[in-house]
Structures are given as structure tokens and as C-alpha cells.
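Novice: I'd like to ask some things about the structure below.
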Amino acid sequence: MGTRPLLRLTFILFIIILLFTCSWYSLNLPVFSDPPQATSWLCNSESRVFAHLGSVLETEIHKPRDHMEDVPHHPLDPLTMREIYKVRTILSTYPPLLPSFPAIHSLSLDEPHKDLVLKWKEGDPLPPRKALVIALLNGQSHVLCVDLDLGLVTSNKINHGSGYPMLTMNDISVAMQVALSHKELNKSTIKRGISLSDLTCITPSAGWFGPDEEGRRIIKVQCFSNQGTPNFYMRPLEGLTMTVDIDKKEVVKFTDTGGGIPVPKGTDTDYRFKSQKEPPRMKPINPISIEQPLGPSFTVEDGHIVKWANWEFHLKADQRAGIVISRAMVSDSETGVPRSVMYKGFSSELFVPYMDPDENWYFKSYMDAGEFGMGATALSLVPLNDCPRHSYYMDGIFVSWDGKPYVQPSIICLFERYAGDISWRHSEIPVNGFNIREARPKVSLVARMAASVGNYDYIFDWEFQTDGLIHVAVALSGMLMVKGTPHQTADQTPNQEAASGPLISENLIGVVHDHFITFHLDMDIDDTNNTFVKVNLVKEETLPGQSPRKSYLKAKRNTAKTEDDARIKLKLYEPSEFHVINPSRRSRLGNPAGYKIVPGRNAASLLDHLDPPQLRSAFTNNQVSMPR
């Protein structure tokens, strides 16, 4: 890379959430029975909180529309349903993939080169529309580029072995069929007093654990009892794990080490609102309603261009990444001219390693985006609970394993937020002749998505403020991933220090784990000539007799010249700021235009760098880094 400016910045935002705590995030709490296309995963204690709100949270119905007539208007618009069908037709006649159609693991827009997108203006012809496809056939993976204008496959990179593409629903279905037909499973469930009809099985992350797994598509299957509760996560058949070879369609390993560990009871585990028998022991909350008499202030043009206050950006749903923000621009407060801020931003990966070396737990080191897909696992948002009144809802157009498009309705909502926060204020005490009480309300625009990845729900908020700030927040809700134990009280645990987590209920341990959320930020401050600057805050000591002070802080700027310079490990006692600047754009005072990257809650992985899960997630070795 040499001394060229750093054009792309990947900001690693870490959020650690202790497994034995319960999220208080309650916006997706349903107050009606089983809404279509919506599922709520909330802790039992909080699912009663809004029992007294009654009809205040009445539901609105967002009717999904017909997308067959959609056409792209912007170079970054996702593939339309017609375009996806066209890609499928082209692949079905492509000789290297004949005679059978391959399994499609990813099919999305192959975005035009950045230079073409930046040169494009509204009204110009769109750059060539292309699709990027990852397909598996006969033990080989194909990475194909399909030119929709030419109607041809223009490139096909073949890799011997399937690699580790995102799991499809067909993969999961095959794994379930193989596991449920395995005779040893029936024996093990009968020993536990569970019938096959009461089983719910899932495919937790298989991870990657060395050369023995190279070239094989294997996945783990574990089962739970759903008898008497939809919250099967709280009723694991501990110690029971099946390793399934998806390609061979067979169980290659069966483990049952759960003798003596009972299946936890399902009493009071049903989290659904309609199943709550008593309100919480708290004073009822009076109804709260925030109105917009004149309607929302934002507009959505051509299905993806969002305009609000001084902001304009492109918004779309992505099957793997979930929400993708592109071409974010903010108007200059003095001239009104739009200025570029960010070319693209999205959550690129979520790494969730569990801290238990047990044979039935060591492999649980999820890559939620790369293995399951944040968009693929995002279900419809619940109006007035997930999103407030006057929200705009956006559908996702995704692709199934057979190459056909489908609609994931209402997975993104866009709304204005005002919660009584202050945007700016200042007051003056009258002693100086001024009597000033100046305060301005903070109103922001939020793009939200909630992904239900198994037992956990991730709520992503991209918030845009009128002062030019972009704030990204991730909340966690849902159920804990728990481990069965023979113990019912903490006193029965022989060695609590050796346990992988605290006892959270009778016969249940909450296994300690981390959530590392990685964001890709391609900043374009005014244009592409951007540089990454690390500003170190260092202690300076005063000279003898210089001042009554003995020390002070001083900012020392260090411009990154190489990729290594931009790999940052945060240190509490070596504080730094991180700036992305455009050295060719200066203010009237001569300061370069720029943005400051402000880390929120952060953590570092404590796993050994040679530990297989950490090898896969080496991007968490630094909190800020530049990709190669």
C-alpha cells in the first residue's frame, strides 16, 4: 500500500454482553396474539411490562407490495426479481453447470466500480448490471459473474471443495432429515422420556477446527424438548450432538454424554404475551404516544434514496449484511451544497464464541452474518412495537437455494425519533447582564432492522443527526443459550470456579460468551482522497519553575502510512482519537475536513491467536484496522 491515502477503514466495534443478564430492550414486545411474519424473543420477566398499555400499541398492517414490476434507478439498487429470474435462466443454460442446476448460496448485485458510481448522476444510463453468484455443484464451488446486459457468464472461478459458504435453508433441511432419521437419536430421546414428536432440533455453528475438516461440509445438530412451551431453548437435551456430513447426507459422529442430566422443566418459560398470567409487581405505566401532526419529514425516492433534513443516502437490505447505507451525504450548513461523508457502511460480521471446552460446546463460535445471514434471518418488524407510527417499511428481495427470488417483507423501518433529548443548549446567569435560556431539541432519523439469529435478536439502528453525526447502535434481545446441568442450586455445584457460567435456573447454566460486532466503514470525506490519522493523547511534564502545574495532556497527530499503522488496539491508559480527514479540503482556518471515529463499548478477545475460532475471526485482534 505504501504511502497512498487510506481509502477504506474498517472499524471494529466490540460489544460484550454477559450471558446471565437479560436485555431490557422492549421495542419488539407484541401486545397482540401471534402477528403474521413476526416473532418476539424476550426474557420472561419483561414480557409483562406493558400489560397495562392496552390499545395504545394497536397494530398497523403494512401490506407487502408486488415487486415484479420493480426496475433499478440507481447503480447500487439491489437486483430486482426480474433480474434474479434472468440470472437463474442464464445459469440454467451455462455448460459448466449442466446437466443439474447448482445450489445457490449467494446471489446479489455485483456492484459497479466505485469510480463509475461516483461519476453517475440522476438521469444518466445505469452502469452495466451484473450479478455475483456463489454456487456449489458436485463438490466444487463456483464464483460467477453474470452480465445481465450481455446475458452471459463473464467469469467463473472454480475451487475444488465447497469452502464455507452461507448455509441455505436446504442445507439445514438436509441436516435435520438426516439427524431425525438416525436410530441412535430415538434411543437417546426415549431414555430421557421425550418423544420424537416433542423434539425441536437446530444447527448451531459448526465452526472450523483444523485440517481434518477441510473439504467437508459438516454441521452439528442438537435437540431440545418443546413439550409444554415454545421456548425450547430452555429445555436442552444436554450432551446429545450429531455431526452431519451435508454432502454425504449421513451422521458421521453421534455423541451422547448427557446421562444423569435431566431435561429442564418448561414451567413459566413461555415468553409470549398471551401466555402471561399475572402482571409484573410494579406500578402500571400510563400510555405514551408521540405524534407527528404533519406527518414524517423524510422522503424515500425510487424505493431506496432517503432524503431528510440535511441528509441524503442510499438504503437497501442485503441478504448477508442486513442494512447497507451507501452514498451518505450531508448538506453544508452555509452553502446547502451536499458533501460526501461515507461511501458505504454495514455490519460485516458478528462473532459469538462460547467459553466452554466441553465436547458438546467447544464448536459454538458463531459467525452470524457469514453463516446464517443478517438479512436472511430478519423477519417482519412489528408496527408500533418495533417501529413507531409514521414509519416507512422496506422489503428485502433475496434469493433461495434454488436461485428463485423471494420477498422478506418489512425488514427495515425508517422513522424520525424524538425522546426529549437535547441537541444543543446554553444558559447564562443574569449576573453578567444576560438572561439566556437556549435549548434545541434533538430530532434524528433512524434506519432499523432486527435479525433473529436462533435464540438471539440483534436490533441494528443507524441514526442520522442534524449536526452531521452518524451513530450506530446494536441492542440484543431474545433468549440465552443455556447448558443443562444436574444441579438445581448453586450450593450443589461442586466447583463453581470451574463452571462455564452461572446457574441461572434449575438445571440450567448460562454459558459465558462474547459478541463481537464488526462494522465496515468506507469513508469518503468530500471525496476519495482520505487519510487515517491517529491522535495520541500523551502526558507532558512541566519544566521546573515553569508553572504551578506538574503535567498536562498534549495531542500528537500520526498519519498512517501503511496498513500496520492503522491497526489499533485500544488501551485505557494510552488514549487516542481516530480521524478520517481529507487533506485537500480545508476550512477557512486551514483545518482539513474530517470525521472522528468514536468507539463505544469495546473489548478485546482473550482467546489464543492460534485457537481455531480466533483464527477464523482474526479481524477481532484489533479494534480498528485497515483491510489488505
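Cβ coordinates come from backbone N, Cα and C, glycine included.
This is the feature table in TrEMBL:
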{"type": "ACT_SITE", "residues": "Asp368", "note": "active site, proton acceptor"}
{"type": "ACT_SITE", "residues": "Tyr456", "note": "active site, schiff-base intermediate with substrate"}
{"type": "DOMAIN", "residues": "74-156", "note": "domain 'Copper amine oxidase N2-terminal'"}
{"type": "DOMAIN", "residues": "165-263", "note": "domain 'Copper amine oxidase N3-terminal'"}
{"type": "DOMAIN", "residues": "289-624", "note": "domain 'Copper amine oxidase catalytic'"}
{"type": "MOD_RES", "residues": "Tyr456", "note": "2',4',5'-topaquinone"}
{"type": "TRANSMEM", "residues": "7-27", "note": "transmembrane segment"}
Novice: Per DSSP, how many helix, strand and coil residues does the domain 'Copper amine oxidase N2-terminal' (74-156) have?
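Specialist: DSSP classes over the domain 'Copper amine oxidase N2-terminal' (74-156) add up to 21 helix, 28 strand, 34 coil.
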Novice: Mind tallying the domain 'Copper amine oxidase N3-terminal' (165-263) by DSSP state, helix then strand then coil?
Specialist: 30 helix, 26 strand, 43 coil
Novice: Within 10 Å of the Cβ of the residue listed as 'active site, proton acceptor', how many other Cβ atoms can you find? Include all protein chains, please.
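Specialist: A 10 Å sphere around the Cβ of the residue listed as 'active site, proton acceptor' contains 23 other Cβ atoms.
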Novice: List the Cα distance (Å, whole number) between Asp368 (active site, proton acceptor) and the residue listed as 'active site, schiff-base intermediate with substrate'.
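Specialist: About 10 Å separates the two Cα atoms.
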Novice: Provide the number of Cβ atoms within 10 Å of the Cβ of Tyr456 (active site, schiff-base intermediate with substrate), excluding the reference atom itself.
Specialist: 23
Novice: Within the domain 'Copper amine oxidase N2-terminal' (74-156), what mean pLDDT does the predicted structure show?
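Specialist: So the average pLDDT across the domain 'Copper amine oxidase N2-terminal' (74-156) works out to 96.
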